[in-house]
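Student: Input: one structure, supplied below.
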Amino acid sequence: MKSITSSTISLHFHAFPPNPPKASSFRRAQAPPKRRKKPLPKPKRPPIFTEKDAFPESLPLHSRNPRFVYKDIQRFARQNKLRQAITILDYLDNQGIPVNPTTFAALIAACVRTKSLDHGKQIHTFIRINGLEKNEFLRTKLVNMYMACGSLEDAHNLFDESPSRSVYPWNALLRGSVILGGRRYREALHTYFEMRELGVEMNVYSFSNVIKSFAGSSALSQGLKTHALLIKNGFIGSELLRTSLIDMYFKCGKIKLARQLFEEIGERDIVVWGTMISGFAHNRLQWEALEYMRWMVDEGIRPNSVILTIILPVMAELSAWQLGREVHAYVLKTKSYSKQIFIQSALIDMYCKCGDLENGRRVFYRSNERNAICWTALMSGYVANGRLEQALRSIVWMQQEGSRPDVVTVATIVPVCTELRALDQGKEIHAYVVKNYFLDNISIVSSLMMMYSKCGVLDYSVRLFDGMRQRNVILWTAMIDSYVENRHLYGALGVIRSMLLSKHRPDSVAIGRMLSICGELKNLKLGKEIHGQVLKKNFESVHFVSAEIVKMYGICGVVSYAKLVFDTIRIKGSMTWTAIIDAYRYCGLYKDAVDLFDEMRAKGFTPNHFTFQVVLSICDEAGFVDDACRIFNLMTRKYEIKASEEHYSLISGLLARFGRTEEAQRFIQLSSSLSQQKALEPSL
C-alpha cells in the first residue's frame, strides 16, 4: 500500500469541499454567484498631533507654564533622550512658544556626550528658528559640538560666520582639535598662531588647550616658548596651566623639567600629584611613581579613583603584591571606590600579575556588577598564569552571564586559541568578529591570521589579508610570519617583494623577519638589498636587526661580510655576539667560534641561554669534548643558567661517542632526575 503523504492529504481536502450541495440546489449551485458590492474603505484621517504626543513622559502643556516645559527638556537632555526633547521643541515651534538659551545649551551638551551629529544639526535649526543664531554663548557651544562630533567643516563655517571675534569661539576650536587628537594637533597649532597674529586676547583656557596640543604632538620647542610667554604675561601662577605644563614635559620625555616645575608649586592639589604619578608611569619610571604616591599620602592627600587606576597597574608591573594589598584595603574602606568597575578590574589585573590568582578571582566574583572590562582582566590573569583553557572557557561564561566581549576581550582571547591550536573556537571568535564589525581592527585581524597559520590553515590567513583594504606594517609582517610558520618560504619572499613595492615601508620587526628568511633561503642578493634598507633607515642600531644581518651573511657563507658588519656595530650585546659565533659555525669555523665565545667573556659580556645553546651545539658538531664540559660547567655554576634535558643529552651523547662512558652515565642520571622532577611539578 502506498503511503499517503501530508501533501496528498491536503490535496484531497482542497479537491472535495466538506459540505457538498444538495441535489435540489444543484442547478443553483452551478450558476455563477452574484458578486456583492464591498463597501468602499473609509478614508484614513490624518493623525492628530496632541500635547500627549509631544510630551510622552511629562504632563500636558495646558497645565504647565513654559518655565516648567524648559525643565522637562533639560531633564531629557541630562538623560541623553534627545529624540523626546526634539519632539517637544517641534511642538513648541508649532505653538509659537520660544525656548531660552539655557535649554539649548543643555541639549548641545547632550549631543557632545552622545556624539550625535544629526540631533545636533536639528537643534542648530531650532536655534535659528528662535532667533538665537547670533547668541555668542550658543555659537561657541555649537562650534564645540561640531568639533566634538568630527564635523570640522561645519565648525569652521559657523566660526567664520561669527561677527564677534572674542576668545570663546577660538577656545572651542582649540579644544575640539585637542579632543580629536591625531593629526588634528597641527590644526590646534595653526589656530594658536592665527590667534596671536590677529591679536586675540588669550585666557587661561586658551593656553591650557594649546599646551595640551604640544604634549600630543611632542612639540617641545613650541612648548618652551609658550612657557616663557606665560611667565612674561603673568599667567604662570595658574594651577591649571602649571599642571598642563608638567603633563607636556612628561609626554615630551623631559622628566627633569617636570620635576623642577612641580617643586616650584607651593600648595599642591590632588590634580598636580596625579599628573606627576601619571607622568612617571607613562615614562616607565614605576618606582618614582610609587615614591610620589607615598609623598602625597604623607602630605595628607588621599588618593582618588583616578590615581588608584594609575597606581594599581604600576604595582602590577613591579609585582608589588604587599603594596597592592594595602591599596585594596583602602579601596574597601572607601566604599564608593570599591563599586567602581575600573578599580575592580585594576585590582584583578594587579593580583593576577603578582601571581595571586586566588585573590584576583575573589575580587572578580565579589563584584556586584561585572562587565567586559572585568572579564577581560580575569582572562588576562589566566593567560599570565598559564591557565589557557580557563581563559578560553571564560569567554563562554562571560556571554552566558550577559556580558558582550569587546575589541580588547577578542584581542586577548585570539592568541589563546593560537597557543592551544583551538581552531574550532578560533572560527567561532572569527564569526563574532565579523558579526560585530571588528574586522577594521588591524590588531585583531593580524592575530586571527597567526591563529589560522599556527593551526595549519594558511588559506584563511591569505583570505583575511586579501580582504583588508587598508594595510599597515603589522599586517604585512603577520602575512610574512604566516608563510614562514607553514614553511612556505618562497611565498613569504613574494610577500616581502610586494611589501617593498607598496607604499608601506617595513619597520625594524619586518626587516628582521626578512633577513631571517633571506638567510634560510640563502638569497644573498635580496639580503644585501635589505641590508641597504637597514643602512638607509638607520636600523643598524637595533640589536636584533644587526644580529640578523650578521647571521644572514654567515648562513650565506660570506663570513668576511658577517665579521665586517659585526666590527661596525658600536654597542654590542649578547645577541650580536651570539650571531657572530653562529655565523662562524655555519661556515664550519668551529675553533674560531669557540675562541669568539672566550673573547666575549674576556671583554665582560655575559652570555645568555641562547649563546650557550649555540656554543654547545658547535662543540657537539666539532667533537670538542673538553670544551663542551668546560662550557657546560660555566653555564650551570658561574652563570647559574639551569640546564635543560637537551643540554644533558647533548653532553652525554658527546661523551659516549668518545668512549667516556662513566661520565656519560652520570649525565644520563642527571637528565632522568630532571625529567622526574618535571613530571612531579603539576601535582605539587
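Cβ coordinates come from backbone N, Cα and C, glycine included.
Taken from TrEMBL, the feature compositional bias 'Polar residues' covers 1-10. Feature annotation from TrEMBL assigns region 'Disordered' to 1-58. Taken from TrEMBL, the feature compositional bias 'Basic residues' covers 33-45. Residues or ranges marked as repeat 'PPR' by TrEMBL: 269-303, 371-405, 472-506, 573-607.
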Student: Using DSSP, what's the helix, strand and coil tally for the repeat 'PPR' (371-405)?
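Tutor: DSSP classes over the repeat 'PPR' (371-405) add up to 26 helix, 0 strand, 9 coil.
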Student: Averaged over the repeat 'PPR' (371-405), what pLDDT does the prediction give?
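Tutor: A mean pLDDT of 92 is what the model gives the repeat 'PPR' (371-405).
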Student: By DSSP, what is the split of the repeat 'PPR' (573-607) into helix, strand and coil residues?
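Tutor: Reading the DSSP string over the repeat 'PPR' (573-607) gives 26 helix, 0 strand, 9 coil.
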